[in-house]
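Per TrEMBL, the features are as follows:
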- Gly61, Ser62, Gly63, Lys64, Gly65, Thr66, Arg174, Gly217: ATP binding site (BINDING)
- Arg87, Arg108, Ile109, Val110, Gly135, Phe136, Pro137, Arg138, Arg178, Arg189: ribonucleoside 5'-phosphate binding site (BINDING)
- Asn142: CMP binding site (BINDING)
Amino acid sequence: MWRRRPTATSFSSLKSSLFFTRLHFQQASQHSAISRLPSVPPLQQKDGRCPFITFVLGGPGSGKGTQCTKIVETFGFKHLSAGDLLRREMVSNSAYGSMILNTIKEGRIVPSEVTVKLILREMESSDNHKFLIDGFPRCEENRIAFEKVAGAEPDIVLFFDCPEDEMVKRVLSRNQGRIDDNIDTIKKRLKVFEALNLPVIDYYEKKGKVHRIKAVGTVDEIFEQVRPVFKACEKTLNRS
Ligand SMILES: Nc1ncnc2c1ncn2[C@@H]1O[C@H](COP(=O)(O)OP(=O)(O)OP(=O)(O)O)[C@@H](O)[C@H]1O
Ligand SMILES: Nc1ccn([C@@H]2O[C@H](COP(=O)(O)O)[C@@H](O)[C@H]2O)c(=O)n1
């Protein structure tokens, strides 16, 4: 369970949904607008612990979800896939349902207000303090909104670096009935990844937080690059 200090800002106190939606469509002006949001004190768990946050990034089909499953098994993290949370919200009779459906179909990015709220709700209801936040932040708006609202930065960022042709091949053979696993949407998702997600990776690279994983080879071979990243921060993982 999580507790926020009394001064922490919640979404309800952040201007309005319209504010975030407008930001989504006005990438150029978003940074100055979001940067005016008040910062909040860092989230702390009920037992006084701070969460260990890993952002898991990479293009569509780069293998993020597959590797997260192995990290959960080996290191006991809680896996939060932003895409899964949005798909669950989409089919839950939520007011956001049709907006999420259309956005995913088009390979675009759902406004941060929605996604950050879903992620924080999961974090707040978890007893775990180690989180893999998979497929988030997808753009600078996501990143800034999370950092402002959660009052936290990731401890580390994993970037699964995979050639485009391999990502396309994997997505097209995933066969899970996803509405965005078709060639037209994949092309759009790849463009969005390059234009909006790579700048986030660059941002964290400059802060020395990115661990770049060459995401080719078998699942086990790739995991052998991932394992030492978490081994190296075992002390921090068990911090109190
Ligand atoms: N190393 C690998 N070699 C071959 N196939 C893989 C590998 N890793 C994952 N896959 C397969 O590729 C597909 C995409 O993997 P996964 O769902 O983990 O990617 P993702 O990055 O989470 O994708 P998305 O962002 O689209 O949700 C899955 O069918 C998965 O089984
Ligand atoms: N932060 C995010 C994450 C995802 N989306 C939308 O969901 C789609 C599927 O995401 P996966 O991570 O499961 O591939 C993605 O293409 C986006 O439309 C989002 O908006 N914001």
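Every residue gets a Cβ built from N, Cα and C, even glycine.
Predicted automatically and left uncurated, TrEMBL annotations should be read as such.
On the structure: features taken from TrEMBL.
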residue	record	CB count, 10 Å
Ser62	ATP binding site	26
Gly63	ATP binding site	23
Lys64	ATP binding site	24
Gly65	ATP binding site	18
Thr66	ATP binding site	15
Arg87	ribonucleoside 5'-phosphate binding site	17
Ile109	ribonucleoside 5'-phosphate binding site	21
Pro137	ribonucleoside 5'-phosphate binding site	29
Arg178	ribonucleoside 5'-phosphate binding site	13
Gly217	ATP binding site	12
Listed binding-site residues are Ser62, Gly63, Lys64, Gly65, Gly217; which sit with C-beta under 6 angstroms of ligand 2? none
For ligand 1, which among the binding-site residues Ile109, Asn142, Arg178 have a CB under 6 Å from it? none
Filter the binding-site residues Gly135, Pro137, Arg178 down to those whose C-alpha lies within 10 angstroms of the C-alpha of Gly65 (ATP binding site); answer none if the list is empty. Gly135
Three-class DSSP secondary structure - Gly65 (ATP binding site): helix
Which of the binding-site residues listed here (Lys64, Thr66, Arg87, Ile109, Arg178) have a Cα atom within 10 Å of the Cα of the residue listed as 'CMP binding site'? Ile109
Span of the recorded ribonucleoside 5'-phosphate site, as the biggest CA-CA distance among Arg87, Arg108, Ile109, Val110, Gly135, Phe136, Pro137, Arg138, Arg178, Arg189 in Å, is 21
Run through the Cβ atoms and count how many others sit within 10 Å of the one on Gly61 (ATP binding site). 25
Looking at the binding-site residues Gly61, Lys64, Arg174, Gly217, which has the shortest Cα distance to Gly135 (ribonucleoside 5'-phosphate binding site)? Lys64
For Arg87 (ribonucleoside 5'-phosphate binding site) and Gly63 (ATP binding site), the CA-to-CA distance in whole Å is 18
Among Gly61, Ser62, Gly63, Lys64, Gly65, Thr66, Arg174, Gly217, the annotated ATP contacts, find the widest CA pair distance and round it to a whole Å. 17
Out of Ile109, Pro137, Arg178, the binding-site residues in the record, which is closest to Gly61 (ATP binding site) when you go by Cα distance? Arg178
Using Cβ-Cβ distances, find the residues under 8 Å from Arg174 (ATP binding site) that belong to the same chain and are at least 6 apart in sequence, listing them in sequence order. Gly61, Asp181
